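> This structure is in structure tokens; I'll ask about it shortly.
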Amino acid sequence: MVKVYYDADANLEFLKGKKIAVLGYGSQGHAQAQSLRDSGLDVVVGLRKDSARWSKAEADGLQVATVPDACAQAEVIQVLLPDEIQGRVYAEEIEPYLSEGKALMFSHGFNIHFGQIVPPKNVDVFLVAPKSPGHLVRRMYAEGKGVPGLVAVHQDYTGKAKDIALAYAKGIGCTKAGVFETSFREETETDLFGEQAVLCGGVSELIKAGFDTLVEAGYAPEMAYFECLHELKLIVDLIYEGGLSRMRYSVSNTAEYGDYMIGPRIVNEETREEMRQVLMEIQDGTFARNWMLENQVKSPQFNAVRKMEQEHPIEEVGARLREMMPWLKK
């Protein structure tokens with residue numbers, strides 16, 4: 001069984017008297033920094049001097065400094081920067097200030113697990129990862145609740161790494177819901193697999209394949225959009241609220257029968273074998289190497305595919321139909 005930690009297992013005293021640098025002020029950065037501050041902890045946000053978010057963080061009542069200045073001040077450094085720039089920023093702006101006994105932490109294990117960042121042996125290294133987007137982390141904290149999270153220790157120099165990590169998790173509200181103990185390897189590899197095979201890559205290709213199949217067969221693109229993309233939210237919401245069983249209970253018997261009989265023809269053994277291959281390429285570092293190499297040459301393949309995907313007919317049809325949906329945020 002996975003070990004789960006709650007409020008009673010965590011003590012904010014392990015962070016009292018320590019300065020916490022939160023590097024980045026995006027989705028997770030703003031939520032974590034504000035919640036830590038509201039938990040009575042000493043926080044500084046680290047940003048580029050020319051960052052558009054500098055004034056936003058100041059307006060939110062937070063101390064802001066450049067990344068090197070924030071790291072120089074802090075005993076705990078939380079790196080909430082995009083995966084592809086963390087290695088460079090670490091080498092240039094974090095490592096010079098990572099003195100003995102400090103703590104280096106992350107909310108995703110990519111750069112530690114794949115060796116893009118190799119911290120000195122005389123610091124703590126751990127991970128605290130809320131399992132929700134930043135706006136929900138912040139909202140739940142403000143309501144006196146929390147979202148589930150993960151905690152992992154990569155390096156325990158001081159003997160207090162897990163205590164500090166759990167204190168941080170408590171400071172952002174996660175221990176109210178429960179914090180699951182994991183490892184950098186498990187967090188990183190499962191996160192990447194979920195994104196690639198299911199949540200992003202898998203779902204995107206399934207939607208487009210369904211849309212294309214209907215349009216190629218002569219059906220109206222608008223009908224194809226409704227059936228293969230728009231209604232997905234209705235199904236996902238049911239799954240999110242109560243699992244696959246809730247969804248199957250809520251749909252018609254015809255839909256449920258089609259689920260059981262046809263689903264395995266779409267995701268068949270060939271698909272499952274390809275998923276196993278995708279996982280192997282994550283585990284052996286192939287994906288990480290490809291992504292790092294892509295960034296080193298300014299992402300030509302990434303940018304070309306991104307542009308091509310933006311020009312898929314489903315985007316034009318969807319833009320028109322969403323104009324007819326006043327409940328959607330523009």
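Each Cβ is built from the backbone N, Cα and C atoms, and glycine gets one as well.
Model, not experiment: these values are computed from the prediction.
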> According to Swiss-Prot, Tyr25, Gly26, Ser27, Gln28, Arg48, Ser51, Asp83, Glu84, Ile85, Gln86 bind NADP(+); so which of Gly101, Gly109, Gly115, Gly134 is the extra one listed there?
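Looking through Gly101, Gly109, Gly115, Gly134, the residue Swiss-Prot assigns to the NADP(+) site is Gly134.
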> Asp191 (Mg(2+) 2 binding site): which of the recorded positions Tyr25, Ser27, Arg48, Ile85, His108, Gly134 have a C-alpha within 10 angstroms of it?
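Of Tyr25, Ser27, Arg48, Ile85, His108, Gly134, within range: His108.
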> Which whole-number value in Å describes the distance between the Cα atoms of Glu231 (Mg(2+) 2 binding site) and Ser252 (substrate binding site)?
14
> Can you name the residues of this chain that are 6 or more positions from Asp83 (NADP(+) binding site) yet have a C-beta less than 8 Å from its C-beta?
His108, Phe110, Asn111, Trp291
> At the Cα level, what's the spacing in Å between Tyr25 (NADP(+) binding site) and Ser252 (substrate binding site), rounded?
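Taking the Cα atoms only, Tyr25 (NADP(+) binding site) lies 44 Å from Ser252 (substrate binding site).
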> With DSSP as the yardstick, break the domain 'KARI C-terminal knotted' (183-328) down into helix, strand and coil residue counts.
122 helix, 0 strand, 24 coil
> Run through the Cβ atoms and count how many others sit within 10 Å of the one on Arg48 (NADP(+) binding site).
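A count of 12.
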> Tell me, how many other CB atoms lie within 10 A of the CB of Asp191 (Mg(2+) 2 binding site), whichever protein chain they belong to?
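Around the Cβ of Asp191 (Mg(2+) 2 binding site), 18 other Cβ atoms lie within 10 Å.
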